[in-house]
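To start, the structure under review is shown below, and the notes come after it.
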Amino acid sequence: MSAFRTIWTTEDHYVEVIDQRKLPHEWVVEKLISYKDAERAIKDMVVRGAPLIGATAAYGIYLAAREGANLDEAFTALRASRPTAVNLFWALDRMKTKLENASDLVQTAWEEAAQIVEDDVETCRMIGVHGLPLIEEISQRKQEEVVNILTHCNAGMLGCIEWGTITSPIYQAAQKGIKVHVWVDETRPRLQGANLTCYELTRHNIPHTLIVDNQGGHLMQHGMVDMCIVGTDRTTRNGDVANKIGTYLKALAAHDNQIPFYVALPSTTLDMTIRDGLKEIPIEQRNQDEVRYIVGKSKATGQLDEVLICPETTNASNYGFDVTPARLVSGLITERGICAASEKGLVALFPEYK
Ligand code: MRU
């Protein structure tokens, strides 16, 4: 579907990823040669987004096998690379199970990591198939006027492999000729909305407008948002949703304005072992300098630059994610269909979790 993927293998059987810290200004490809490269790529957010973190970790295990590293150490290091997105732990567990009785560790790890990647592509495509009717229905109700969708952070193809989760229904709607327009929250502190979502929407010719994170409520009050769709890093058995910091505030505003608030996710983002998202989902806290500085392309030099936006001595707090309680979520769009954000809804679609 897309002109590129976010992770791929090379002829000499290494792994390459796009350095997402440089987008949209520079296209820099990073080669991952050892599992420590994969660990660092996840930690430093060269790659990010729950499904892509999982895929990178899976290839990290392949690289560890290939370089003859201690696999237990590699699993431990990769597990510690980021705490919130459950896809990381899901992918590592899948690799571990697969490698348990493997005679050829390198070949098995290579094949399993590739399968994780292919599965994610198909899963995201199906999220689009199931999410598309939601957009179609609004378009018909509005007599084919533009459907305005608000999103937060980047749950697009850059957070996955292809298609993305929230972007899959959007791309499929556009392919069908439905008029869509996306309000993109800039998503401070790291600006994944401005940098990444706007980048990929531009590449896919989707009309969009960048907004500051605080603008969504105003737009909703004035009838300028038809629906919100966001991604998630971990969704609990009860349907509580962890996603990029600020998602909860958008859900509150949507609720207050009776605007549907959907969460698009592959089942690899479900954590059916926990129920209460607020109490049980570990929330990443990152370096305060991500808040104190803004990174962007300098108007003066045209180079990427970091600019301090507060007094030198001011401290900042930097929680990476928040939890939106299930009661604020209109539905979960998964590869198997749409369900209520509840245990009942999830188990009906995924009976294997009964
Ligand atoms: O900190 P990030 O950029 O990894 O956070 C990403 C998100 O919050 C995404 O919405 C989520 O991982 C879903 S990606 C399909």
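Just so you know, glycine gets a Cβ as well, placed from its N, Cα and C.
Note that TrEMBL annotation is computational and uncurated.
On a predicted model such as this, the values are computed, not experimentally measured, just so you know.
For ARG48, GLY49, ALA50, ARG82, GLN192, ASN243, LYS244, the entry in TrEMBL reads substrate binding site. If you look up TrEMBL, you'll see CYS153 marked as site 'Transition state stabilizer'. Taken from TrEMBL, the feature active site, proton donor covers ASP233.
A map of TrEMBL features onto the structure.
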residue : record                             : DSSP class
ARG48   : substrate binding site             : coil
ARG82   : substrate binding site             : coil
CYS153  : site 'Transition state stabilizer' : coil
GLN192  : substrate binding site             : helix
ASP233  : active site, proton donor          : coil
ASN243  : substrate binding site             : strand
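Geometry remark: ASN243 (substrate binding site) versus ASP233 (active site, proton donor), CA distance 5 Å. Of the chain residues outside the substrate site list ARG48, GLY49, ALA50, ARG82, GLN192, ASN243, LYS244, ILE53, THR84, ALA85, CYS153, ASN154, ALA155, GLY159, GLY231, ASP233, GLY320, PHE321 have their Cβ within 8 Å of the site's Cβ mean position. Selection of the recorded positions ARG82, CYS153, GLN192 by a Cβ distance under 6 Å from ligand 1 yields, in sequence order, CYS153, GLN192. Closest to CYS153 (site 'Transition state stabilizer') in space, going by CA atoms and restricting to the recorded positions GLY49, ASP233, LYS244, is LYS244. All chains included, 28 other C-beta atoms sit within 10 angstroms of the C-beta of ASN243 (substrate binding site). Sequence-distant neighbours of ALA50 (substrate binding site): residues of the same chain at least 6 apart with a C-beta under 8 Å from its C-beta are ALA85, VAL86, ASN87, LEU88, GLY159, GLY231, THR232, ASP233, ARG234, THR268, THR269.
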